[in-house]
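Taken from Swiss-Prot as is:
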| type | residues | note |
| --- | --- | --- |
| BINDING | 9, 11, 43 | divalent metal cation binding site |
| BINDING | 9-11, 35-36, 57-59, 62-66, 133-136, 140, 143 | 4-CDP-2-C-methyl-D-erythritol 2-phosphate binding site |
| SITE | 35 | site 'Transition state stabilizer' |
| SITE | 134 | site 'Transition state stabilizer' |
């Protein structure tokens, strides 16, 4: 049996926080605001995985009202989500992810993001695609107010 999941996340860019996307710390004058480390890409991947297995969303599993998740490492959150999928007998067929950001340029970090996500999902790098795009200066991402990410995963039950 195959299951598809889709995830989407947005975080505001603010001064005084590190910018972590796809498990990679990116040098930039702003970072993403959130209860956890606000890794918009790993949050989208986690939501996609939860959607594929019919287990709700990351807000249900890691509520921002719970102090245990304050400044949490999103890689650990995704690892927990993936453990739930594995317990249900799923493996990753592929993941396709898009980061929407006007700045900074993310191309130099894409391969490292792919490697991080592949490791967390116990997959080969070839099973994970990450791409980045802009909105041609339109909307909140185009104005540099925030960054968004989308992810789609295809899982297969063993």
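Using the three backbone atoms N, Cα and C, a Cβ is placed for every residue, glycine included.
Everything Swiss-Prot records as a feature, shown here on the structure.
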| residue | record | DSSP (3 states) |
| --- | --- | --- |
| 9 | divalent metal cation binding site | strand |
| 35 | 4-CDP-2-C-methyl-D-erythritol 2-phosphate binding site | coil |
| 43 | divalent metal cation binding site | helix |
| 58 | 4-CDP-2-C-methyl-D-erythritol 2-phosphate binding site | helix |
| 63 | 4-CDP-2-C-methyl-D-erythritol 2-phosphate binding site | coil |
| 134 | site 'Transition state stabilizer' | coil |
| 143 | 4-CDP-2-C-methyl-D-erythritol 2-phosphate binding site | coil |
Fewest Cβ neighbours within 10 Å, where candidates are the binding-site residues 43, 143: 143
Distance, residue 58 (4-CDP-2-C-methyl-D-erythritol 2-phosphate binding site) to residue 43 (divalent metal cation binding site) (CA atoms, angstrom): 7
Position of peak Cβ density within 10 Å, selected from the binding-site residues 11, 35: 11
Site of maximum Cβ density within 10 Å, from binding-site residues 9, 66: 9
Cβ within 8 Å of the mean position of the Cβ atoms of 9, 11, 43: remaining residues of the chain near divalent metal cation: 10, 32, 34, 38, 39, 40, 41, 42, 44, 148, 149
Cβ-Cβ neighbours of residue 134 (site 'Transition state stabilizer') (radius 10 Å): 15
For residue 63 (4-CDP-2-C-methyl-D-erythritol 2-phosphate binding site), the number of other Cβ atoms found within 10 Å of its own Cβ: 11
Separation of alpha carbons, residue 143 (4-CDP-2-C-methyl-D-erythritol 2-phosphate binding site) and residue 134 (site 'Transition state stabilizer') (Å): 10
Rounded inter-Cα distance in Å - residue 66 (4-CDP-2-C-methyl-D-erythritol 2-phosphate binding site), residue 11 (divalent metal cation binding site): 18
